[in-house]
Protein chains: 2
Amino acid sequence: MSKEPKLSLIPLGGLGEIGKNMMAVRFGEKILVIDCGLMFPEEGMLGIDIVIPDITYLLENRDSVLGIVLTHGHEDHIGALPYVLRQLNVPVYGTKLTLGLLHGKLKEQNMISETILHTVKPRDVVQVGPFKIEFIKVSHSIPDAVAIAVHTPIGVVFHTGDFKIDQTPVDGQVTDFQRLAQLGEKGVLVLLSDSTNAERPGYTMSERFVGNTFDETFRLAAEDRIIIATFATNVHRLQQAIQAAYKHNRKVAVVGRSMVNVVSVATELGYLDIPDGIMIELEEANRLPKNRVAILTTGSQGEPMSALTRMALSDHRQVEILPGDTVIISATPIPGNEKLVARIIDQLFKLGAKVIYESMSGIHVSGHPSQEELKLMINLTRPKFFVPIHGEYRMMIRHAELARDVGVSPEHIFVGENGQILEFTRRSGRVAGRVAAGKVLVDGLGVGDVGNIVLKDRRMLSQDGILIVVVTINRETGLIMAGPDIVSRGFVYVRESEELLEEARMRVKASLEKCTCKGISEWSSMKSQVRDVLGKYLFEKTRRRPMILPIIMEV
Amino acid sequence: MSKEPKLSLIPLGGLGEIGKNMMAVRFGEKILVIDCGLMFPEEGMLGIDIVIPDITYLLENRDSVLGIVLTHGHEDHIGALPYVLRQLNVPVYGTKLTLGLLHGKLKEQNMISETILHTVKPRDVVQVGPFKIEFIKVSHSIPDAVAIAVHTPIGVVFHTGDFKIDQTPVDGQVTDFQRLAQLGEKGVLVLLSDSTNAERPGYTMSERFVGNTFDETFRLAAEDRIIIATFATNVHRLQQAIQAAYKHNRKVAVVGRSMVNVVSVATELGYLDIPDGIMIELEEANRLPKNRVAILTTGSQGEPMSALTRMALSDHRQVEILPGDTVIISATPIPGNEKLVARIIDQLFKLGAKVIYESMSGIHVSGHPSQEELKLMINLTRPKFFVPIHGEYRMMIRHAELARDVGVSPEHIFVGENGQILEFTRRSGRVAGRVAAGKVLVDGLGVGDVGNIVLKDRRMLSQDGILIVVVTINRETGLIMAGPDIVSRGFVYVRESEELLEEARMRVKASLEKCTCKGISEWSSMKSQVRDVLGKYLFEKTRRRPMILPIIMEV
């Protein structure tokens, strides 16, 4: 029987969800990690800033982890690194722009000096322990995206990262079909592929399509100021906006911290081609005639603190939306942001702007592959085993169907979940157990200190508020010395409900006076009595269930 | 100069928003109200159940209000009636199904005996004061929908209600083109028309299209159980599901309180044609072979307490989703519900169900008119003045553009807002002031007692929770007798943060001991000191800003 080491794939994020992508590749005792992303909080995660993967498994095997390789520089692929590297300081491999964006994050956290960053480029091959890691050019909505082929002694694991098949990419760097085909010719053991758009039939349009729309919009809005909101990291989109401005003789000002940052990094690293003298400061833009100005801004998702939102609410220090302005929202709302974006559009219309948004075609294209592209990827790489990644469950299911349609044998397709160990030999694959995996919530400086209990409390507080009942009791006699006082927040507007709260207070008082509890031992029964009496009364009167918090002081 | 009374239109809801539709038509001193709907709470309206229109204007003119006419039985057109009729008891006019659905609501509230309901049918004309009210058949996603022509001495106000132009409606009752054309021939003074889908090009598909999809799905799922979730009030959709079941030899069980209710009312009033013996109870359905059963259920919006959600979470008492079940979600997520619906779909897939949803075409059609239908409505009625209603601002703007495209003079188009008085003569229209209008929030039994302060508190509580600091002080000496104690909820997981909270307590204590405040007069400065010291310390340590609530007890 073969004593060959096993190959395992252990997804720590990105399966059954959009975001916090992270995949561990284990061969024998050695582990390589692909991507390390964050996710934005789901509904119900009140007050949470971001969500990162649970890396317990990696920490338990910390001496085995050889490094983290990155596919591209989006937050859902690199955003958890500042948190993870703090606990697990391993070398990081990525392309120039990816590491350039990461560099900014690490600098903010004072983590530059202790982090080892290896810059790679497409077709580079790096040997790390038993893994020969190869980086392969793909198109995506950020430049310098790569797929990763991990050559192991028993076969190739091919991880697409996020990709699309753009036949006419803005930078001319077409997906490396030749290398994909070579790998397919030799045979890929396992393909891990991006499922984000697996529900969409056909092909995703080329990024260049948006450039044409920009050009046309600039032509039509000849006399107006033009404001374009898009994703800060979509450097090709920014490039096309700048090209359109150049062609139509406009200067360009950039607004919004993250976009200013990306433009600076991308320019410095040579990913943005900026005509001399075209970029100006906002102050200068405000002095130029309207038809000589284009403004690039963040806020295409209606994010509450973003530049576009502040403009729409007439709350931006430097940019005032004026009647006649043309505002292009070059993005699709990410699920969950639909209402935020709609509100911004309405506000802009109310200020007299002409708003060009999602409902017009050609103003945005996706960075992810539709069904025909997904099938092409499978046919190019010809994998023995297939694992859909980067998607919610229904998307992975659909992707699995596509794989079956193009001939991958159904028992070679694994629709997995985070934490599952998928174990492969040259010939077989199986689910071989599971490791800890899940969501670590980040709230302010706290990483993982907000759990279900705290969230449950926040949800309860958010629904009907809180009533605090305070009473001071003599520790000897058990008699009430002060109170009970009732203080409420988020429950009712107090001035209109004085009567209700006074009656509530009287009921609590009566119930406490009946009781002659002494000492800590009996407090809990006293407290639950307060909760019962008050909860019942308030529900009867208001049909609300605020949190009730009895506090007993002893003197 | 003409002394003719003025005609005013005063929208009290439904302009610049989807929901709580309500329009006052005033001629001289007399007021007629069209529709009286509710809206579901927006994001940020934490804990709110529903939102209804502010009817201050009607209450101030209560003797002038002659009645409320209803266009159809959807919640956003009748849902506020139980609240409004309590304050303003006027006769209500509507078609049979509309009043049938209203009847159930009024019964629940014990309001049947004091409410006067007048049943009308299409082409009926009712004279109410100076208003001759005519009801005109239109298609919509609920049967018995009508548009309303209000004939006044100076001209006709034509209110479309919600409508679509369905050339092949399920009940064969085509929109009354003849009467629309007659009105247009004579001349309509003002057209008020549904803007919900004004951003959609082309035509909305016929409801019958969904019937074909049902039929095909039943054919393909020949051996499986079929579960269909849709809007409870879409009686034509239910009819088509029942027809498909009948054709494919299945029995039908109905689950979900609102759907059971609608099926019962619609059957009783003759709006559902139910083959003998086809309807069964769930218990019986569970005893039949899978391929003889179809289940109709609520929950197509992923509503947390709905039947489909409970099935998906394996939490429904009577229906367990089994591998192989086909679940049809015959609906589009209402904006804001996308993530809820996606979660349900994923859960159903995980249970092994085949889920047919939005991404497949033909599984749902809208009940609102697309651009070509909107233009047809304007061309049929040929209004002098045009007011887009029922839509968010950008939709009304788009609708106004369509009106201009078909030849309505731009200065005769009014994109208004709730509370604005639009005043018309035979020849002119203008904005003539405004009345109170807005959102009244309903939370449990409280109508309007939750305002901005309470909501702001709820939002703050939901983000970082609350810390309560209690201290008992001797009223004579100002010395601390007990405490300070700190209790937190929704802030951090206490067991992991004992040190933080203890240090916080010590700081508060030190700051209080420095102070020798006595009596109420100095409490507020003591409290703000506690807030400062604690807020600063916690933000420094956690970057969070919980609500801090100091409570001082005196003994």
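Numbers here mean position along the shown chain, with the first residue as 1.
A Cβ is built for glycine as well, from the same backbone N, Cα and C atoms used for every other residue.
Automatic prediction, not curation, is the source of TrEMBL annotations.
Not measured: the values here are computed from a predicted model.
Secondary structure at B:ASP194 (active site, proton donor), taken from DSSP and collapsed to helix, strand or coil, is strand. Cβ neighbour count for B:ASP194 (active site, proton donor) (all protein chains, 10 Å cutoff from its Cβ): 30. TrEMBL lists B:ASP194 with the feature active site, proton donor.
In the three-state DSSP scheme, B:HIS368 (active site, proton acceptor) is classed as coil. Around B:HIS368 (active site, proton acceptor), taking its Cβ as the centre, 22 other Cβ atoms fall within 10 Å, counting all chains. Annotation comment: TrEMBL describes B:HIS368 as active site, proton acceptor.
As annotated by TrEMBL, Ca(2+) binding site applies to B:GLY47, B:ASP49, B:ASP443. Sequence-distant contacts of B:ASP49 (Ca(2+) binding site), defined as residues of its own chain at least six apart whose C-beta falls under 8 angstroms from its C-beta, comprise B:PRO41, B:VAL442, B:ASP443, B:GLY444.
Contacts of B:HIS74 (Zn(2+) 1 binding site) defined by a Cβ separation under 8 A and a same-chain sequence distance of 6+ are given as B:GLY37, B:ILE142, B:ASP162, B:THR233, in order along the sequence. The Zn(2+) 1 binding site annotation in TrEMBL covers B:HIS72, B:HIS74, B:ASP76, B:HIS77, B:HIS140, B:ASP162.
Per TrEMBL, substrate binding site is recorded for B:ALA232, B:THR233, B:ASN234, B:HIS364, B:VAL365, B:SER366, B:GLY367, B:HIS368. Counting only residues at least six positions away in the same chain, the Cβ atoms of B:THR204, B:MET205, B:SER206, B:GLU207, B:PHE209, B:VAL210 sit under 8 Å from the Cβ of B:VAL365 (substrate binding site).
Annotation comment: TrEMBL describes B:19-214 as domain 'Metallo-beta-lactamase'. Along the domain 'Metallo-beta-lactamase' (B:19-214), the predicted structure has mean pLDDT 96.
B:HIS72 (Zn(2+) 1 binding site) sits 12 Å from B:ASN234 (substrate binding site), taking the Cα positions as reference. Apart from B:HIS72, B:HIS74, B:ASP76, B:HIS77, B:HIS140, B:ASP162, the residues listed for Zn(2+) 1, the same chain places the Cβ atoms of B:ASN21, B:ASP35, B:GLY37, B:THR71, B:GLY73, B:SER141, B:ILE142, B:ALA145, B:GLY161, B:GLY367 within 8 Å of the centroid of those Cβ atoms. DSSP classifies B:ASP76 (Zn(2+) 1 binding site) as helix under the three-state reduction. Chain A has a C-beta under 8 angstroms from the C-beta of B:ASP443, taken from the recorded positions B:HIS74, B:ASP162, B:ASP194, B:ASP443. A C-beta separation below 8 Å, combined with a sequence spacing of at least six in one chain, links B:HIS140 (Zn(2+) 1 binding site) to B:HIS72, B:GLY161, B:ASP162, B:PHE163, B:LYS164, B:GLY367, B:HIS368. Comparing C-alpha positions, B:SER366 (substrate binding site) sits nearest to B:ASP194 among the recorded positions B:GLY47, B:ASP76, B:HIS77, B:ASP194. The full span of the recorded substrate binding residues, B:ALA232, B:THR233, B:ASN234, B:HIS364, B:VAL365, B:SER366, B:GLY367, B:HIS368, taken as their largest Cα to Cα distance, is 17 Å. It is 20 Å from the Cα atom of B:HIS364 (substrate binding site) to that of B:ASP194 (active site, proton donor). The CA atom of B:ASN234 (substrate binding site) is located 28 Å away from the CA atom of B:GLY47 (Ca(2+) binding site). The binding-site residues examined here are B:THR233, B:ASN234, B:SER366; by Cβ neighbour count within 10 Å, the least packed of them is B:SER366. The candidate set comprises the binding-site residues B:HIS72, B:HIS77. Of these, B:HIS77 has the most other Cβ atoms within 10 Å.
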